[in-house]
Amino acid sequence: MRDIIKAWIKEFRGLFLLFVTLPVILGSVISFVFYPEAFSLYYFLISVIAMLSLHAGTVILNDFFDFKSGTDVINTERTPYSGGSGLLPGNVLKPKQVFIAGLFCFMICTVLGIFIVLTRSPIVMVIGVIGVVLGFFYTAPPFKLAYRGFGEIARLIATPLMVLGAFFVQVPVGSGWEVIQYMEGIAVATIASLPLAFLNTGALYIFEFPDYNADIKVGKKNLVVRLGRQKASYVYVLLNILAYLSLTIGIYTGILPLMAGIVFILIPLSAASILGLMRYFDHVKRLVPYLKIASDTYVIASILMIVAFMV
């Protein structure tokens with residue numbers, strides 16, 4: 001029984017759940033800073049649970065469909081950050097169990113989303129529908145976004161959606177006209193999400209490199225496979241540059257608080273992960289420490305951005 005519980009905990013991939021909790025906190029904090037009278041701790045907790053459910057469903061179904069495609073089965077270079085959980089190829093969990101668990105997570109997210117739309121903020125429906133579609137069809141047929149070179153775009157869109165979704169949960173908006181009165185907060189939430197969107201996408205993008213050999217064999221044509229590992233490494237450089245460039249523009253224009261500049265202290269970490277990828281893009285074992293650095297950079301940047309709005 002204990003082994004089964006451990007297996008399910010591993011299947012839910014705690015690290016990736018942290019990736020989505022932080023944008024929700026950021027969007028909620030920004031809404032509190034601009035419209036404190038509207039903030040609701042109750043709806044904040046609901047939005048966190050809804051987002052965790054959505055992302056858990058995405059991760060679990062990703063595990064299922066990568067197993068069905070064969071990429072996780074033939075992957076001999078699995079890392080803590082890539083290659084899936086390994087539970088399905090190892091026959092620890094059954095495919096049907098994992099598929100049902102993924103659908104259940106999406107069901108929880110959908111029910112909570114409908115509750116928020118009906119009782120709090122109807123505009124959340126637009127963001128919620130986009131999020132569910134991107135999450136479900138990330139690896140699920142017929143769209144299989146991650147298999148057709150659109151997975152990276154979906155990830156890039158996801159972070160602003162999470163921040164804005166959490167923001168709108170806190171500021172009840174029933175129509176397009178009501179959005180106008182919240183434009184200042186919306187602009188700040190959008191710009192604040194961009195550095196994190198690029199760092200998050202970069203972290204998940206660098207996680208694709210260890211799976212290259214398995215992905216290319218099963219026809220999973222993500223950006224790394226399409227470009228080849230050496231050329232693809234330059235995309236990671238670009239994502240990091242865009243992260244700090246968007247941060248610079250946000251601070252320079254006065255949209256972001258000056259305190260947000262604390263995120264710049266992470267440039268050495270970004271540089272380290274870039275240099276590591278450029279050197280070891282085709283050497284999985286040596287690349288693993290740089291996967292962690294990329295992950296840590298995004299997480300720390302998210303925390304620092306949240307702190308910047310709280311002080």
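Here the Cβ of each residue, glycine as well, is placed from N, Cα and C on the backbone.
Predicted automatically and left uncurated, TrEMBL annotations should be read as such.
Note that this is a predicted model, so its numbers are computed, not measured.
Lifted from TrEMBL, the feature list:
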- 12-35: transmembrane segment (TRANSMEM)
- 41-61: transmembrane segment (TRANSMEM)
- 98-117: transmembrane segment (TRANSMEM)
- 123-141: transmembrane segment (TRANSMEM)
- 153-173: transmembrane segment (TRANSMEM)
- 185-207: transmembrane segment (TRANSMEM)
- 234-252: transmembrane segment (TRANSMEM)
- 258-278: transmembrane segment (TRANSMEM)
- 290-310: transmembrane segment (TRANSMEM)
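If one looks beyond the transmembrane segment (12-35) by at least 6 residues along the same chain, the residues whose Cβ comes under 8 Å of a Cβ in the stretch are 44, 47-48, 51-52, 54-56, 59-60, 80-81, 85, 159, 162-167, 169-171, 182, 184-185, 188-189, 192-193, 196, 200, 203, 295, 298-299, 302-303, 305-306, 309-310. When each of 98-117, 153-173, 185-207 is checked for Cβ pairs under 8 Å to the transmembrane segment (258-278), 185-207 comes out on top. Cβ atoms under 8 Å from those of the transmembrane segment (234-252) belong to residues 191-192, 194-196, 198-199, 201-202, 205-206, 223, 227, 258, 260-261, 263-264, 267, 270, 273-274, 277-278, 301 of the same chain, restricted to positions at least 6 beyond its ends.
Long-range Cβ contacts of the transmembrane segment (41-61) within its own chain (Cβ-Cβ under 8 Å, at least 6 residues beyond either end) map to 11-13, 16-17, 19-21, 23-25, 28, 98-99, 101-106, 108-109, 112-113, 115-116, 120, 131-132, 135-136, 138-140, 162, 165-166, 169-170. Tallying C-beta pairs under 8 angstroms between the transmembrane segment (123-141) and each of 98-117, 153-173, 185-207 places 153-173 first.
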